[in-house]
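Beneath this line is the structure, given in structure tokens, with notes to follow.
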Amino acid sequence: LVAVLQFLRRSNLRESEEILRREARLLGDDLGAVALSPAGPLGVPGGDVDSTGGEALLSRVTATAPVPIGGSAGAVASSSPGVTAVAALPPVKGSVAVEDQPDVSAVLSAYNQQGDPTLYEEYYSGLKHFIECSLDCHRAELSQLFYPLFVHMYLELVYNQHESEAKSFFERFHGDQECYYQDDLRVLSSLTKKEHMKGNETMLDFRTSKFVLRISRDSYQLLKRHLQEKQNNQIWNIVQEHLYIDIFDGMPRSKQQIDAMVGSLAGEAKREANKAKVFFGLLKEPEFDVPLDDEDEEGENEEGKPKKKKPKKDSVGSKSKKQDPNAPPQNRIPLPELKDSDKLDKVMNMKEAARRVRLGPECLPSICFYTFLNAYQGLTAVDITDDSSMIVGGFADSTVRVWSVTPKKLRSVKTAADLSLIDKESDDVLERIMDEKTASELKILYGHSGPVYGTSFSPDRNYLLSCSEDGTVRLWSLQTFTCLVGYKGHNYPVWDTQFSPYGYYFVSGGHDRVARLWATDHYQPLRIFAGHLADVTCTRFHPNSNYIATGSADRTIRLWDVLNGNCVRIFTGHKGPIHSLAFSPNGRFLATGATDGRVLLWDIGHGLMVGELKGHTDTIYALRFSRDGEILASGSMDNTVRLWDAVKAFEDLETDDFTTATGHINLPENSQDLLLGTYMTKSTPVVHLHFTRRNLLLAAGAYSSQ
């Protein structure tokens with residue numbers, strides 16, 4: 001409204017401005033501080049203001065009416081009769097949005113008595129009846145309202161100490177809610193007194209993060225008309241106060257399309273949230289000369305031989321000379337310089353890649369399963385080095401155990417006294433510094449004081465990260481097998497940690513709902529990614545290291561920009577906490593797995609869900625793309641590894657402008673034709689998957705004798 005008035009004033013349309021003011025009963029000349037007097041029974045229709053982005057304007061509006069002001073970012077409008085609504089909180093640049101840091105009492109005060117408690121059931125069932133009798137095309141969209149309204153009406157009754165009414169309201173309607181809200185409802189049912197609401201996190205989440213619903217304009221108008229005819233202020237107030245309705249023009253979405261996207265703690269993502277540009281391309285590989293193959297040239301070193309080799313070798317390096325148009329600038333974030341040992345490793349990698357098996361529906365990988373037997377300590381995390389030479393297990397008895405899976409045993413560096421005797425110029429100095437007496441297949445690392453939930457090897461295999469219930473992340477040296485640093489930043493259990501593909505940086509996520517970005521040589525985190533409404537359960541770096549994906553118990557996945565800490569994507573659609581993430585090798589797609597047994601596929605550039613793989617019957621703890629991205633492997637608590645055809649899943653994607661604008665995604669009905677194989681273990685849940693450089697699939701888990 002304010003925006004329109006300002007526009008009319010700027011355009012010198014005085015008469016129209018006057019008429020509009022009289023209609024809206026807006027008095028006073030200065031538009032900077034417009035006073036709103038009671039505007040009929042319904043106040044300002046919040047959804048409309050919201051959808052035109054009037055948040056900044058609304059935050060300048062001072063309200064002196066018992067009318068709730070719809071949906072401004074800094075407005076906490078309490079709406080009981082005779083209470084003045086305070087809505088002017090100037091937005092502070094560079095600070096955290098007001099919504100993010102709720103003050104409990106302010107949050108709860110919005111639940112001041114608004115209606116007759118005995119009529120709540122009638123209001124709700126009236127709306128339910130209206131929605132169930134509306135046309136099919138609107139019914140699917142409007143039934144998204146049931147859950148958030150149910151929760152807010154229940155909380156309102158509890159807050160105003162109508163305990164018996166609240167109880168009967170809960171009992172009557174909680175069975176109607178979607179099955180994936182069961183866990184939330186269980187928490188809700190335990191809130192039966194006003195006092196319970198004071199320190200309750202779930203409660204605060206619900207109050208402070210507006211529940212987002214994506215509804216077509218037609219359905220929204222229908223709802224608005226119904227509530228205005230019925231004079232049903234109670235429900236209308238909640239819609240304005242606690243819901244964010246993201247209105248789009250065009251066809252309403254079908255039940256399938258809505259079901260695919262809903263289910264998270266705060267509804268769907270606003271469409272705006274997935275509009276930012278993401279550089280999902282890969283960085284250009286550094287160029288360096290590839291030495292010739294030694295093996296082939298022993299014995300026959302004629303002059304013609306190397307010349308034949310050279311062109312072939314150059315072609316391996318030249319593949320990456322073209323800059324990916326979607327890649328971030330090479331120096332967008334500072335990455336560590338390549339050491340000589342890294343270059344050698346890259347050469348080895350190229351040689352292995354030349355012998356890599358091309359996978360596809362006709363050529364599935366062999367799977368080698370590492371079973372942890374007698375793991376009575378409780379296996380809680382596994383990682384395998386990129387070159388598949390070492391495997392690490394994190395255990396519930398707070399130990400970290402590292403095994404060598406090649407004939408080469410694990411050795412520590414000699415003591416300082418012994419090192420001083422070594423000739424530093426000799427060619428095999430790296431061999432000489434190792435102490436043969438320490439050689440063994442297994443090293444046990446002690447230091448944590450709680451179960452170890454995440455482990456990650458550095459790309460150069462010199463370091464190992466582990467994170468634990470004790471709130472710390474530890475960095476271990478794989479040269480000395482000792483702890484180098486303990487990073488203390490989380491105050492609660494840390495559920496996952498992972499090294500950047502370039503080393504140096506790493507990410508951790510925990511029970512305190514934030515993910516942190518660290519550098520190995522800093523005690524304090526470099527970035528804190530805040531925004532999830534529940535534990536951050538898993539973390540992953542994008543292959544170009546400029547982005548981090550986090551999965552959470554709030555049933556959403558977020559993509560964060562490492563450079564500035566912003567959240568650039570929010571993906572909703574899982575019906576349970578997320579436990580696994582995997583980026584495709586080309587950086588364009590993300591696969592996610594959760595307790596709902598579904599693998600969802602996302603197009604990062606367009607911010608869209610592009611596939612759903614159904615088949616697992618339990619939590620998916622491991623996801624991995626093959627080295628060339630043709631196959632996606634998933635491992636689950638249902639004791640199976642499943643292989644999916646990733647090429648087919650990502651071809652012919654409908655990512656036209658309409659789809660991206662409205663989220664009308666059309667998932668194929670049946671994902672069975674993408675399933676290439678299912679491999680059962682006897683009784684071993686799969687907790688980790690890894691493709692070797694030649695595309696052999698390694699899987700790991702601990703045998704459970706139920």
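Backbone N, Cα and C define each Cβ position, glycine as well.
Any TrEMBL annotation is an automated prediction that lacks curation.
Going by TrEMBL, these are the annotated features:
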| type | residues | note |
| --- | --- | --- |
| DOMAIN | 115-243 | domain 'TFIID subunit TAF5 NTD2' |
| COMPBIAS | 290-301 | compositional bias 'Acidic residues' |
| REGION | 290-342 | region 'Disordered' |
| COMPBIAS | 313-324 | compositional bias 'Basic and acidic residues' |
| REPEAT | 372-413 | repeat 'WD' |
| REPEAT | 445-480 | repeat 'WD' |
| REPEAT | 487-518 | repeat 'WD' |
| REPEAT | 529-570 | repeat 'WD' |
| REPEAT | 571-604 | repeat 'WD' |
| REPEAT | 613-645 | repeat 'WD' |
- Task: Would you kindly list the residues that approach the repeat 'WD' (529-570) from elsewhere in its chain, counting only those six or more residues past its ends and only Cβ-Cβ distances under 8 Å?
- Result: 96, 100, 180, 205, 209, 263-266, 269, 273-274, 276, 278-283, 327-328, 332-333, 335, 495-502, 505, 507-511, 513-517, 576-583, 585-587, 590, 592, 594, 602, 604, 607
- Task: Please average pLDDT over the repeat 'WD' (613-645) for the predicted structure.
- Result: 94
- Message: Counting only residues 6 or more past its boundaries, what in the same chain has a CB within less than 8 Å of a CB in the repeat 'WD' (445-480)?
- Response: 339, 341-342, 345, 378, 380-387, 389-390, 392-402, 410, 412-413, 486-499, 501-503, 506, 508, 510, 518, 520
- Query: Which residue counts does DSSP give the repeat 'WD' (571-604) for helix, strand and coil?
  - Reply: 0 helix, 20 strand, 14 coil
